[in-house]
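Chemist: Copying in the features that TrEMBL gives for the protein in this structure:
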TRANSMEM  12-31  transmembrane segment
TRANSMEM  43-62  transmembrane segment
TRANSMEM  83-107  transmembrane segment
TRANSMEM  119-141  transmembrane segment
TRANSMEM  153-174  transmembrane segment
TRANSMEM  180-205  transmembrane segment
TRANSMEM  334-354  transmembrane segment
TRANSMEM  374-396  transmembrane segment
TRANSMEM  403-422  transmembrane segment
TRANSMEM  428-450  transmembrane segment
TRANSMEM  462-483  transmembrane segment
TRANSMEM  495-517  transmembrane segment
Amino acid sequence: MGSQEVLGQTTRLASSSALLQVLFRAVTFALNAFTLRYLSRELIGVVNVRLTLLYSTVIFLAREAFRRACLSGSTKRNWTKTINLLWLTVPLGVFWSVCLGLVWLYLLEVPDPSVVPHYQAGVVAFGLSAIIELLGEPFWVLAQAHLFVRLKVIAESLSVVSKCVLTVILVVLYPHWGLYIFSLAQLLYTSVLVLCYVIYFVMFLGSPEATKKSFPIARMKALLPNLVEDESFVNWKEARLTWSFFKQSFLKQILTEGERYVMTFLNVLNFGDQGVYDIVNNLGSLVARFIFLPIEESFYVFFAKVLERGKNVKDQKQDDVAMAANVLESLLKLVLLIGLTITVFGYAYSQLALDIYGGSMLSSGTGPDLLRCYSLYVLFLAVNGVTECFTFALMCKEEVDRYNFVMLALSFTFLCISYFLTHWHGSVGFILANCFNMGIRIAHSIHYIYDYFKESTYRPLMGLLPSPFLVLIYIISGVITGFSEVFFCCDKGWMARLIHISMGALCFATTIVTMFCTETKLIHFVRSQFLSRYMKKGT
């Protein structure tokens, strides 16, 4: 598969995933707004912070390193050994589920049963759901490596919709069930997800389409662990790389979910405040989840396929280097402008968004300040996602090991800063600590990218420098919308709110027009890679 074809399929995967994430977050957004009317803040806090943290920790520690290692390099490999390695995620998941489940049950503060009933059942169900999801890991990696776009879209859509529908039904009919509701919904989600992948491969393997594509796996039995005669059970190069990424993933998980660990283990916020924080966090991360994450996941695969891990820029194919540099520059510019737009307009519209979404429970108190800070944090998330996806795709084993020491120091610093900032400025301190954490990680990745390309003529980091005139428009828009919020929002009636929204719409339209006029290279990249396929489908 040529580099241009890989780029085409990667952008298709990223754009399809982004559209899928829009659907996911829209459904979750509506679900959270609905459940706010039926459930207590304490119950939402336990589910969205405590139990979801258990699930995400098990999943992350059990599979993240395997994914990164097994998606590196060409699809032409000994897939039997790769699949054998991926099946090790299941016993690893069982180990982490049992160990962390005991911690969640016996070492952490147990919620009041009268407010949050069936906590023990919830811990068991969320741990079990993580193990069920890991059963589908070989299928997921095989599909991702071969860029099966539709499979991922359909599988995740069906699983999320099933979970949401069951949650709504149970919340309406049996609100007194407490954590039973979310436990059953979580188990349904992972079961449907895995079943979709299994059913697809049962139908795909051995079909004319698989034969036409020269798919490396011929039957379902080959997707189970298999011993290779006179050969090792796994590819030891992949296994060593997995171990390096595993050490890193442990630290990255602390940095990614650091505020939840501080909330869970240090009890700096009660369950009700945790619930409000998580609702605001979910609202603030909408764009980060449905745009930045698909871009990061998809283009990690692109960079890992086009450039060879561990080789310097002079030893790579120069056509591939040119393509990778141009794509990286365009991606950096794309996510930077999205992040700047959210930061500028998010500041003036945070209180209005929370008031519409959750009423005075969210729009009063620290809610608006939380969302304003999160708007700034989105900018850091945007840049970090792209810079790290390139860095991790190119790092050799030794560089990954060295980076682990940086992550170790950063993890400890982040936890300390989170703890002290929370005592100083409440839940807003978590977001400020995250901004610091992301800033350090961005600096490291930028340093790596600069060193990688310094012996070539390419300067992809120029993507982080927007047009000066566009920056001026952003500043003017921020000032206008800021004054608009003071004079028209949010306790002066709906007419004043509409004026405030109209001012923002006018400034936003001006910003977009300026973007089209000043960032022509980026517009061409988006049109040619992300939009062209959808235009072709419509003609």
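Numbering starts at 1 and runs along the chain as it is shown here.
Each residue, glycine too, has its Cβ placed from N, Cα and C.
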Chemist: Based on Cβ pairs under 8 Å, which of the stretches 83-107, 180-205, 374-396 lies most in contact with the transmembrane segment (119-141)?
Modeler: 180-205
Chemist: Find the member of 43-62, 153-174, 334-354, 403-422 that has more C-beta pairs under 8 Å to the transmembrane segment (374-396) than any other listed stretch.
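Modeler: Answer, by Cβ pair count: 334-354.
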Chemist: Are the transmembrane segment (180-205) and the transmembrane segment (334-354) close enough to be called in contact, which here means at least 3 C-beta pairs under 8 A that are separated by 6 or more residues?
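Modeler: Per Cβ check, the transmembrane segment (180-205) does not touch the transmembrane segment (334-354).
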Chemist: Could you tell me what the rest of the chain brings near the transmembrane segment (462-483), counting residues at least six beyond its ends with Cβ under 8 Å?
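Modeler: Residues 328-333, 336-337, 340-341, 344-345, 347-349, 383, 446, 503-504, 507-508, 510-511, 514-515, 518-519.
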Chemist: Cβ under 8 Å to the transmembrane segment (83-107), counting only same-chain residues 6 or more beyond its ends: which ones?
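Modeler: Sequence-distant neighbours of the transmembrane segment (83-107): 50-51, 54, 57-59, 61-63, 66, 69-70, 120, 123-124, 127-128, 130-131, 134-135, 137-138, 141-142, 222-226, 233-235, 238-239, 242.
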